[in-house]
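Feature annotations, reproduced from Swiss-Prot:
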DOMAIN    7-246  domain 'ABC transporter 1'
BINDING   G39, E40, N41, G42, A43, G44, K45, S46  ATP binding site
DOMAIN    263-508  domain 'ABC transporter 2'
Amino acid sequence: MDNRTLFEMRSIVKAFSGVRALDGVSLAVRPGECVGLCGENGAGKSTLMKVLSGVYPYGTYEGEILWDGAPLRAHSVRDSEHAGIVIIHQELMLVQQLSVAENIFLGNEITKPGGRMDYDAMHRKAEELLARLRLTDVNVAAPVMNYGSGHQQLFEIAKALAKNARLLILDEPTSSLSAKEIEVLLSIIEDLKRGGVACVYISHKLDEVKRVCDTITVIRDGKHIGTRPAAELDINGIITMMVGREMTSLFPKVEHTVGDVVLEARNVTCWDVTNPNRKRVDDVSFSVRRGEILGVAGLVGAGRTEMVSALFGAYPGRSSAQVLVEGKPVKVHSPAQAIAHGICLVPEDRKRHGIVPLMGVGENITLATLAQYARGLRVDKGAELMTVDREIKRLRIKTASPALSIASLSGGNQQKAVLTKMVLACPKVLILDEPTRGVDVGSKYDIYQMIADLAASGVAIIMVSSELPEILGMSDRVLVIGEGELRGDFANQGLTQERILAAAIHAEPRLRAA
């Protein structure tokens, strides 16, 4: 690795309405080095990256930025990109209807004399860039929409390389990727490092940070906590720096008793929304007991989300199932019916299905239980506010006011609010679909504690997760779904990630717990 400093931020201060979002943060990166930037949601990572990438222009912050030893005064994103600094956002910025090549060169087109676009040159160059990323089977003239999220993430990197990126900022790059796609991406980042490209890697997945990063910088509450070689830190050490307190285990151990069967699902079947002849879930049956945490594992696209959506009456296509609650058959054709029978769901995509962005934090929290505060034709705002204040304190939801728009909260705090909303409905069965996706480690712990406490109180938990450590750390029993079928039903005693993956890909026969 080149020992000279490519990029350095010195004592950066950024304030909004007098409140410091960044308070003297420093960061340095060498050519071919990958620096992990860690911190809880709201710590200041996004603000720092906006300063770094030119979103917040020179003059709107205090401190100094050096590029190749000289002051860098970027007044726009284009200025930063011209210097060689490119950010790849968590939400991919590709135009789905345009071709792969058109996306790679969008805003950076190769033209012929006279100004017309040189498609032949762009296609050739796009193929060369993708070959650097081990993609040799891509039709660069085809629309981006023809390719999955794993390919699209690499198209974004190719787009950055087309701009001669020397510093690549990757913001939660694996949040929507499968385990196999993550392996490919991390190995490609290693290739880029060997080629001299520097990276800033932002992720809540600390195992990835440890694996791909050379050094780790932690910020907390807008302050620089420290920078250490990755080899000197274990995951618990990173967490301690991030949250400011020692956490001996991410997964809380709360004594709970598993009781009688509270929900039984028989022959759950879901047909594809666009192809009614294809089944997304095929004849899956299972049960969950009072006080039990049932983990549901499987590869991306296995049908887990479709299955739990059908149990909640929210699957958009055709579905069928026999559902029994406490031994009695119930009809669940809508979320309202499900909630009435004590079945609640915290959805996978909280931004689309979990929150109402324009409403306040408090309004979102009481949305499912508003009838409890009805006094004739009016709402008892005093009683509602008492509930909201109690829950905000209990779950440590960071908000300046319950009236503040929920869209202004970090992902972790939004998720806590969505969870609280459903818990207030007093569920017998609580279904959690990817409950900690995009959530920082401190909020994860709070959510895990809430799940464990709910199980201890007798609530049956069904937890869908793509994070196997989460499944193994929280579950009493694990279902494995593969290609819409039940591939395994395991007691979580001596269970390993390898065994779960083997069942998910059909590498061993269908198994059930003894």
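Every residue, even glycine, has its Cβ placed from backbone N, Cα and C.
Keep in mind that what you see is a predicted model, and the values were worked out from it rather than measured.
Neighbours of the ATP site: apart from G39, E40, N41, G42, A43, G44, K45, S46, residues of the same chain with C-beta atoms within 8 angstroms of the site's C-beta centroid are I219, S410, D440. Neighbour list (K45 (ATP binding site), Cβ cut-off 8 Å, at least 6 residues apart, same chain): L37, C38, G39, I202, I219. Note on the domain 'ABC transporter 2' (263-508): mean pLDDT across this stretch is 90. Long-range C-beta contacts of G42 (ATP binding site), restricted to its own chain and to partners at least six residues apart, with a cutoff below 8 Å, comprise K398, S410, G412, N413, D440. In the three-state DSSP reading, A43 (ATP binding site) counts as coil.
Its Cβ placed at the centre, A43 (ATP binding site) has 26 other Cβ atoms within 10 Å. The Cβ of E40 (ATP binding site) has R220, M242, V243, S410, G412, D440, V441, G442, S443 as same-chain neighbours under 8 Å, each 6 or more residues away in sequence.
Least crowded of the binding-site residues (N41, S46), judged by neighbouring Cβ atoms within 10 Å of its own Cβ: S46.
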